[in-house]
Amino acid sequence: MRRIAVVGAAGRMGKTLIEAVQQAPGAGLTAAIDRPDSTLVGADAGELAALGRIGVPLSGDLAKVADEFDVLIDFTHPSVTLKNLAFCRKAGKAMIIGTTGFSAEEKQRLVEAGKDIPIVFAANFSIGVNLCLKLLDTAARVLGDEVDIEITEAHHRHKVDAPSGTALRMGEVVASALGRDLEKVAVYGREGQTGARDRQTIGFATIRAGDVVGDHTVLFAADGERVEITHKASSRMTFAKGAVRAAMWLDGKAPGLYDMQDVLGLH
């Protein structure tokens with residue numbers, strides 16, 4: 001059995017991950033971790049996820065459950081994830097990282113850790129989104145410089161980073177296919193007298209409202225026609241199942257920083 005730990009286990013995504021782990025053949029939740037000051041520490045992780053008792057108590061200390069798992073799934077916050085990364089690197093534990101909002105310097109720390117442990121890091125673990133990334137690469141190469149490109153994303157009111165990591169990853173894929181540097185061509189929102197649009201730019205628009213799980217659309221607009229590639233998530237379970245699939249795939253893999261495209265064989 002693949003022994004899996006979930007950090008942030010008392011949160012919305014954490015509970016969904018617990019359910020996904022318990023549903024996956026060959027996988028089992030053997031540790032669940034949350035903030036040390038959480039009033040839920042000691043509670044049964046299965047009961048927190050409305051699955052019934054599974055005999056795995058919620059821990060407030062990752063080090064105390066280090067011997068209980070093979071791979072850690074982390075969908076939390078960059079500051080938390082980086083602390084967990086340092087621990088897993090020292091302990092020789094594999095990691096699945098779905099946290100977004102990392103700076104360029106912080107992403108480099110993931111690269112460095114990948115020299116010692118196997119890691120799957122992805123902005124989005126949905127199979128559909130990763131298929132969209134493949135389609136975006138093809139669309140950008142075919143349509144080339146003859147289109148204006150805009151990326152729109154929508155998420156629930158609680159999401160703290162913008163644009164989403166998925167939107168930025170979509171922008172990176174498109175920019176790379178066109179031989180552009182996203183940092184130089186990205187335009188984040190527009191206001192006032194902006195002047196005529198520069199076709200080399202890639203625009204981003206962000207919506208935060210209600211309980212939207214995650215919508216992403218990339219628009220390729222030419223004179224006379226438009227192509228839109230859209231993905232809409234209706235449940236966090238799609239991300240959780242992808243993360244568990246990645247955790248199973250990582251079993252026996254050599255140290256390295258992998259992404260979901262590797263897991264799905266899309267490279």
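Each Cβ is built from the backbone N, Cα and C atoms, and glycine gets one as well.
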Listed in Swiss-Prot for the NAD(+) site shared with GLY8, ALA9, ALA10, GLY11, ARG12, MET13, GLY98, THR99, THR100, ALA122, ALA123, ASN124, PHE125, one of ASP34, ASP145, ASP148:
ASP34
Spatial neighbours of ALA10 (NAD(+) binding site) among the recorded positions ARG35, HIS155, HIS156, LYS159, GLY165, THR166 [C-alpha, 10 Å]:
ARG35
To the nearest whole angstrom, what is the C-alpha distance linking ALA122 (NAD(+) binding site) and HIS156 ((S)-2,3,4,5-tetrahydrodipicolinate binding site)?
20
Within 8 Å of the centroid of the Cβ atoms of HIS156, GLY165, THR166, which other residues of that chain place their own Cβ, given that this set defines the recorded (S)-2,3,4,5-tetrahydrodipicolinate site?
THR100, ALA123, ASN124, GLU153, HIS155, LYS159, ASP161, SER164, ALA167, GLY214
